[in-house]
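A short write-up of the structure that comes next.
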Amino acid sequence: MSKRTTYCGLVTEAFLGQEITLKGWVNNRRDLGGLIFVDLRDREGIVQVVFNPAFSEEALKIAETVRSEYVVEVQGTVTKRDPETVNPKIKTGQVEVQVTNIKVINKSETPPFSINEENVNVDENIRLKYRYLDLRRQELAQTFKMRHQITRSIRQYLDDEGFFDIETPVLTKSTPEGARDYLVPSRVHDGEFYALPQSPQLFKQLLMISGFDKYYQIVKCFRDEDLRADRQPEFTQVDIEMSFVDQEDVMQMGEEMLKKVVKEVKGVEINGAFPRMTYKEAMRRYGSDKPDTRFEMELIDVSQLGRDMDFKVFKDTVENDGEIKAIVAKGAAEQYTRKDMDALTEFVNIYGAKGLAWVKVVEDGLTGPIGRFFEAENVETLLTLTGAEAGDLVMFVADKPNVVAQSLGALRVKLAKELGLIDETKLNFLWVTDWPLLEYDEDAKRYVAAHHPFTSPKEADIAKLGTAPEEAEANAYDIVLNGYELGGGSIRIHDGELQEKMFEVLGFTKEQAQEQFGFLLDAFKYGAPPHGGIALGLDRLVMLLTNRTNLRDTIAFPKTASATCLLTNAPGEVSDKQLEELSLRIRH
């Protein structure tokens, strides 16, 4: 077997006149009677190879037998294509290879779906079952090439900045808070379990206490939670921690790293600092803690109408400490029928809204179901507050503030997609800062950490832990890209007494805190430096930089929405002997 000269997708005019050897898969084959054209494919792309009896009758005979997905080796001379056959759609479209020798390395059965890039309308379950075939598609091959480039760029940046790549345990201790753990039973210790890490949070803090100063890891994390299009049970995290830093230091580092990645893999220069917005401002203006700022349509407080109008829904809402907010779809009045508005009402119902009020602005006033409740002065108030003009569609939700934010925030994004308002070429990064430290869980009747229990409160708010915990703000920051939470970080608690106080506010007894986190509390006794960090979702970053819409397309062997692997049929049953060794019994 000859050595490969280069990849198929890299054969350009630089190789003209050269004898080369290529190896790859038959993408397709065209028999023109006396001449056979084969598109040969590998991870770098496709090149056309030609079987002409003038060059080799024997090679032509073998080419007559090859079919799609055969693995072949060809040798031949690179020549320029005739002008009328040039293919500008591919990098190799100016050239072709006149084959003098071909060897069939391996045959292939007919695949369950075409690998050809033009034929991608295949049920995703079939694609996942035969993932090794799906990954041959050029679109996915390029996605994973970019994933490699992104991780390489991240590693180079962090290495240049003096970070150490340090691995942390995969088998660790199950701790409360956050999502459910994946548990691993111990054979050696009867009835005891390890947990797969949801993140290396505690270990990276311990590494700071160990004196390593700058740590990073591109690490697998595991969360047993309900899946969405942008969630997987196992995912990859760019985990970073630094000592002797404040919030500005961490944010600046994260920003510089992301700018470098975007420039190197997308060729896009991001000038200036990323915009910043407080959590409260994001919720007020966009109804989301991860707002998509590629389009406007902000939420507008029109609670004044509830005080001025004789409309019971609005009036009752304001009297019961609720609020009324509106969004304006510019020029969309004629695009949405009453039936469409009924569908939008059902949509906001999902988020707890009791209804969706709406009006259409016309030259002489308002039309729509609640238009008759607007007196002339109410119309003027509405137009002044919202800036709405003739032809605009104005939608209202009147409810508790959190319901208003969630429902209108989601509706805003839905409308933007339907109306084509989103510029898909934009990369809008945004920092969201000044997060609440705690949230109150109505079901559990206790406070829970908004991020995690190790996030430090703002220094001015430490006293509030004992008096008004819900008012305390955190030294926390999230990085958002195009409406997706790309990552989050915080300055950590590094004082044992403050950490114990935090556990107390979260409802832990001293005994429970010691049992679950005693190793961390003990470490704080031996000189813990101030430290903080950030964790970025690598899969999600790849998804956004490759313009994919599904996280599964960025993971080589992903799980389905029901957390199964269709390729290997995992999870699966195990033998009685294995269960016995683990002292386990399955109860159905």
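Glycine is no exception: its Cβ is also placed from the backbone N, Cα and C atoms.
The L-aspartate binding site annotation in Swiss-Prot covers E177, R223, H451, R492. Sequence-distant neighbours of H451 (L-aspartate binding site): residues of the same chain at least 6 apart with a C-beta under 8 Å from its C-beta are W435, A474, A476, G488, S490.
Sorting each residue of the region 'Aspartate' (201-204) by its DSSP state yields 4 helix, 0 strand, 0 coil. What Swiss-Prot lists as region 'Aspartate' is 201-204, and the listing cites sequence analysis.
Residues annotated as ATP binding site in Swiss-Prot, with sequence analysis given as evidence: R223, D224, E225, Q232, E485, G537, L538, D539, R540. Under the DSSP three-state reduction, L538 (ATP binding site) is assigned to helix. Residue environment of L538 (ATP binding site) contains 23 other Cβ atoms, counted within 10 Å of its Cβ in all protein chains.
Of all the binding-site residues listed here (E225, E485), the one with the fewest other CB atoms within 10 A of its own CB is E225.
Here the Cα atom of R540 (ATP binding site) is found 15 Å from that of R223 (L-aspartate binding site).
Within 10 Å of the Cβ of R492 (L-aspartate binding site) there are 22 other Cβ atoms, across all protein chains. Mean model confidence for the region 'Aspartate' (201-204) is a pLDDT of 97. Ranking the binding-site residues R223, R540 by other CB atoms within 10 A of the CB puts R223 at the bottom.
Look at E485 (ATP binding site): DSSP puts it in a strand.
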